[in-house]
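Participant: I am attaching a structure below and will ask some questions about it afterwards.
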Amino acid sequence: MNIHEYQAKALLKSFGAPVAEGVAIFSADEAEAAAKQLPGPLYVVKSQIHAGGRGKGKFKELGPDAKGGVRLAFSIDEVKSHVAEMLGNTLVTNQTGPAGKQVNRLYIEDGADIERELYLSLLVDRAVGQVAFVVSTEGGMDIETVAHDTPEKIISVAIDPEAGVTAANLEALTAALLLEGEAKADAEKLFPILYKAFVEKDMALLEVNPLIVMKNGRMRVLDAKMSFDGNALFRHEDVVALRDKTEEDAKEIEASKYDLAYVALDGNIGCMVNGAGLAMATMDIIKLYGAEPANFLDVGGGATKEKVTAAFKIITADPAVKGILVNIFGGIMKCDVIAEGVLAAVKDVGLTVPLVVRLEGTNVELGKKIINESGLNVISADDLDDAAQKIVAAVKAA
């Protein structure tokens, strides 16, 4: 689960991290009052969407020369002008896809005199089984380019969970970021705070980009992105309360009601598979034969007929889907249950696109018999390779 920047900063502030003063607004009428709460004279107006690249993004409704999703303002009138342009419009960034995201809230923040922009994040390093700091002296809007072109500029420091952030860890991090004086002292206070917040709130990612050194030598968290482990949310009602469902895909929200692992993608072949590994292999082979998957959908090992029906409905709710591939290897999952669920869904929602079904495993013959005797236009496949070729061909021919 993700939250907005202003929410992430409020959470970090509660742990003692240095963040700028700011006010979130939801309508243009709130702009002037919000700006008056800040010291000024420099203000920053920030679009609040669950995607990065906001500064370089463009609004669909504005011209190509219009400013992006993060703007500087040097007066309250300029704040109001930016708010009027940004709020309610659609911001397209390198992370939103061409559809973009509607900006329904803005964060007006006190400006800062920036001397240096650094990058910092915390994540779970699965290679070592520990939380790791990832830092770079090259912070800001071009961090993806830095990671691609000069990966040696990105340093990782793993933290022993028993010891926590040690003096040696702090020395390694501050040295990697070339910090000294007050900035180094601030960092030595800040980094344990960030680690504590990450662990206590069961985060999957905490990204501060940029982490700045101001001209007065002090440090500040200028931007913050947080993602939380969905499996641990039951322990954090305060975090769940921050969820903004308008930023999430409606199909993913519906899937979560049935404990289905669903991720919307940009292709046109819907997939329903049992098992994450098989689901990824299914997506790979669709791409191998020249098409693109419309989703990742793992129905799990203990799916019921009702769960399968719900999964099918979620797939067909996507107007981009031009064909569906059902790929089931029945172990715990029984092929006849899948077959009954698919047929029930087809009868319920109708079938206007090609459907290929590949079944293997427990009760496979019964499952195939149910499908073959249904009288519905369902294409049967012998194996995964055969299934992928058939669905790609059917979609191209449609």
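One-based numbering along the chain as shown.
Glycine too: its Cβ is placed from the backbone N, Cα and C atoms.
The annotation domain 'ATP-grasp' is assigned in Swiss-Prot to 9-254 on the grounds of sequence analysis. According to Swiss-Prot, the feature ATP binding site maps to Lys46, Gly53, Arg54, Gly55, Glu109, Ala112, Glu117, an assignment based on sequence analysis. The Mg(2+) binding site feature in Swiss-Prot is assigned to Asn209, Asp223. Look at Swiss-Prot and you will find Asn274, Gly331, Ile332, Met333 tagged as substrate binding site.
I'd like these features described in context: how deep, what's nearby, how far apart.
Facilitator: Per-residue pLDDT, averaged across the domain 'ATP-grasp' (9-254), gives 94.
Sequence-distant contacts of Arg54 (ATP binding site), defined by Cβ-Cβ distance under 8 angstroms and a gap of at least six in the same chain, are Lys46, Ser47, Gly68, Gly69, Val70, Leu91, Thr93.
In this structure, Asn209 (Mg(2+) binding site) is part of a beta strand by DSSP.
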Participant: Can you tell me which of the binding-site residues Gly53, Glu109, Ala112, Asn209, Asp223 is spatially closest to Asn274 (substrate binding site)? Compare CA atoms only.
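Facilitator: Result for Asn274 (substrate binding site): the nearest of the binding-site residues is Gly53.
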Participant: Please list residues from the chain of Glu109 (ATP binding site) whose Cβ is under 8 angstroms from its Cβ, counting only those at least six apart in sequence.
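Facilitator: Set apart from Glu109 (ATP binding site) by at least 6 residues yet with Cβ under 8 Å, we have Ala20, Glu21, Gly22, Val23, Leu38, Tyr43, Val44, Lys46.
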Participant: Out of Asn209, Asp223, Ile332, Met333, point to the one nearest Ala112 (ATP binding site) in space (Cα versus Cα); all of them are binding-site residues in the record.
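Facilitator: Comparing Cα positions, the candidate nearest Ala112 (ATP binding site) turns out to be Asp223.
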Participant: What is the interatomic distance between the Cα atoms of Glu117 (ATP binding site) and Asn209 (Mg(2+) binding site), given in whole Å?
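Facilitator: Their Cα atoms are separated by 8 Å.
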